[in-house]
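Trainee: Submitted below is the structure of interest, expressed as structure tokens.
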Amino acid sequence: MLWHLVFILIAILLLTFSPKIESLFKSFTINKPTKTTCYQYTTREQLKSILESDTHETNFCIEKPSISPPKTNSTLLMLCRNSDVFSVLETIQNIQDRFNDKYNYDYTFLNDVPFNYEFIYLVSSIIPHGKINFGLIPIEHWSYPSHINISLATEIRQNYANVPYGDSESYRHMCRFYSGFFYKHELVKQYQYYWRIEPGIKIYCDIDYDVFEYMIINDKKYGFVISLFEYSETIPTLWNHVVQYINDNEIKSELLPLLTNKYNWYNLCHFWSNFEIANLDIFNNDDYENFFQYLDNLGGFYYERWGDAPIHSIAIALFLQKKDIHWFENIGYYHVPYLQCPQDIDLYVKNKCTCNPDEDFTWSDLSCTNHFLNILHN
């Protein structure tokens, strides 16, 4: 009887004080990061403590207080591997020196596997302030969709060995991800604009204005630096399917001439998407989603080698207007093997550029920029 009374008393105490007890235990527990967890730190010792407390298998951010917050809701976006860490560090330092030390924008890093301790620690250490997002790509966004015959796709890849990344499985996953899923990632969709960067790229000029603020003030939705022709072998059926989609949906666009030649057929031109500064709304809408689903169901990402650059470019030509597009001509941008270097000597000196203007790709026979500008400005 006595024990019965004791149990009743304990039950009453637990019901009465359970919120306080739960709070007490929480104060002694290191929680695994949730989808929105953001760790704040001010010293490297605190950063190490944060990293050593968890395996970080999901999406989270690390934040060091910034004196001057960014003016717009934008992020620098990079898809990379743990093994890329040293080229990532070089690129970040370059971007900080040339641009972001002045504007303090967030970085968002995405990977198809969890970022490891070394990557997170080194990257967080080199960025002096602001928020750094580390995200894991959902497996369904980095794998074969159910309608793809994997054996057939594997066999077909061998026929593409003579074109860049032609026999790569991961490259195809990447192109599909950047075509239809990156803007849906929970760490990306919180922003309005993104600037896509890649490991190893270089910025050769000081950027003395806020590129995101410029895009917003001037109502620009898509910005590019370099354009070029796609390898026709990688997209043999893409344009036929696009024409079918245009006809089926009765699409009229003033930008279609960007992608057609004098014979009114596909000219293979595209914006080089390893650099793009864009409004995420150009992808987060029914028009783009329907277009992507149409292409994805055709299987061309795996049965051919459709790239995200032609997909983005075709969508821009279908759904945007001339006034929405901006060419960043004075960035001084390099991604192997092409360079965009300012030709105006006064701007070159003013922005402390260090690239060789004679190696500029913009006006070469392999560039589409002259054609693009003629369409955009007429």
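Placement of Cβ uses the backbone N, Cα and C atoms for every residue, glycine included.
Pulled these features from Swiss-Prot for this protein:
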{"type": "CARBOHYD", "residues": "Asn73", "note": "N-linked glycosylation site"}
{"type": "CARBOHYD", "residues": "Asn149", "note": "N-linked glycosylation site"}
{"type": "TOPO_DOM", "residues": "1-4", "note": "topological domain 'Cytoplasmic'"}
{"type": "TOPO_DOM", "residues": "26-378", "note": "topological domain 'Lumenal'"}
{"type": "TRANSMEM", "residues": "5-25", "note": "transmembrane segment"}
Trainee: State the Cα to Cα distance, in Å, between Asn73 (N-linked glycosylation site) and Asn149 (N-linked glycosylation site), rounded to an integer.
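Mentor: Approximately 41 Å lies between the Cα of Asn73 (N-linked glycosylation site) and that of Asn149 (N-linked glycosylation site).
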Trainee: Measure from the Cβ of Asn149 (N-linked glycosylation site) and count the other Cβ atoms within 10 Å, all protein chains considered.
Mentor: 13
Trainee: Quick one: average pLDDT across the topological domain 'Cytoplasmic' (1-4), no decimals.
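Mentor: 43, rounded to a whole number.
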Trainee: Among all protein chains shown, how many Cβ atoms are found within 10 Å of the Cβ of Asn73 (N-linked glycosylation site), not counting that one?
Mentor: 14
